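Annotation source Swiss-Prot lists active site at K37. What Swiss-Prot records for D12, V13, G14, K15, T16, I17, D54, E115, G116, A117, G118 is ATP binding site. The Mg(2+) binding site annotation in Swiss-Prot covers T16, D54, E115, and the record cites sequence analysis as its basis. Summarising the annotation, Swiss-Prot assigns substrate binding site to T41 and lists sequence analysis as the type of evidence.
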Amino acid sequence: MQHFWVVGTDTDVGKTIVTTLLMCQLQRLGLEIIPFKPVQTGEIYDNLHSYYADTAMYEKYSLQVLNKEHMNGYSFKEAASPHFAAQLEGQQIDVENLLQRIQFLQESYDVVIAEGAGGLFVPLDVQQSITLLDVIVSSKLPVVLVTRTTLGTINHTLLTMEALQSRQIDVLGIVFNGDTGSMMEQDNIHTILQYHPLPYAIIPRLQDISELANINITHTTLFERLYGNDPRNN
């Protein structure tokens, strides 16, 4: 199997949903998977209990016991861009440390799914000289791109694809998240695939996050691309 990133055209496009879904689908095949969120922001307080939504979702739906120390690099309380959230706490994000963590995880698990934060160009330092995209390039790992199906997604997706391809980052496929089946959404999907005929999967709009457990994408060309890269299947 291949280690990879899950990245998005923007914040809140469904990267965590897709990361969790791919984690579960691959776990069902008997693979040892670790989802890794290099940087997460926005601590949530609930009845004297605090947590972060991304890693909490991994743990809730995982079919395997996850090592908490392996799931995250940095967590910051403020729900903001990583560089600003870190600044508020007087911290700096050590990119080399993140890359070393990713390398260690690759040597320890069948598949590492690294989930991005926000969009590709989100800055990681106050000088705004290092972005998430720089980390992806340095990691030398391919990506799965998550995008919306709604109005505006064509432009956002094509711009993101241009940024990835201009840096020779291998795009394994596209996940269209939140589909309601409207004619406009179907045309958006068709148009994007005309520009970039990649493996893909479509996830319907979820009325409740618990519906995630019922989604199956193992029949999609995207999943075939991911699992088909495993030499054990040949």
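Backbone N, Cα and C atoms are what each Cβ position is placed from, and that goes for glycine too.
If you measure from the Cα atom of K37 (active site) to that of D12 (ATP binding site), you get 15 Å. Annotated Mg(2+) site T16, D54, E115; additional same-chain residues within 8 Å of its Cβ mean position, judged by their own Cβ, are V6, K15, T19, T20, P35, K37, Q40, A53, T55, M57, Y58.
One way to see the shell of the ATP site is to take the Cβ centroid of D12, V13, G14, K15, T16, I17, D54, E115, G116, A117, G118; the remaining same-chain residues with a Cβ within 8 Å of it are V6, G8, T11, V18, T19, V146. DSSP gives the residue listed as 'substrate binding site' a strand state. All protein chains included, D54 (ATP binding site) registers 22 other Cβ atoms within 10 Å of its own Cβ.
Cβ neighbours of G14 (ATP binding site) (same chain, under 8 Å, six or more residues apart in sequence): G8, V146, R148, V175, N177, G178, I203. For the pair formed by G116 (ATP binding site) and the residue listed as 'substrate binding site', distance between Cα atoms is given as 12 Å, rounded to the nearest Å. The Cβ of D12 has fewer other Cβ atoms within 10 Å than any other of the binding-site residues D12, E115. Distance from the CA of E115 (Mg(2+) binding site) to the CA of D12 (ATP binding site) is 12 Å.
Listed in sequence order, the residues of the same chain lying 6 or more apart from T41 (substrate binding site) and placing their CB within less than 8 Å of its CB are S75, F76, K77, E78, A79, A80, S81, P82, A85, A117. The maximal spread of the ATP binding site, taken as the longest Cα to Cα distance among D12, V13, G14, K15, T16, I17, D54, E115, G116, A117, G118, is 14 Å.
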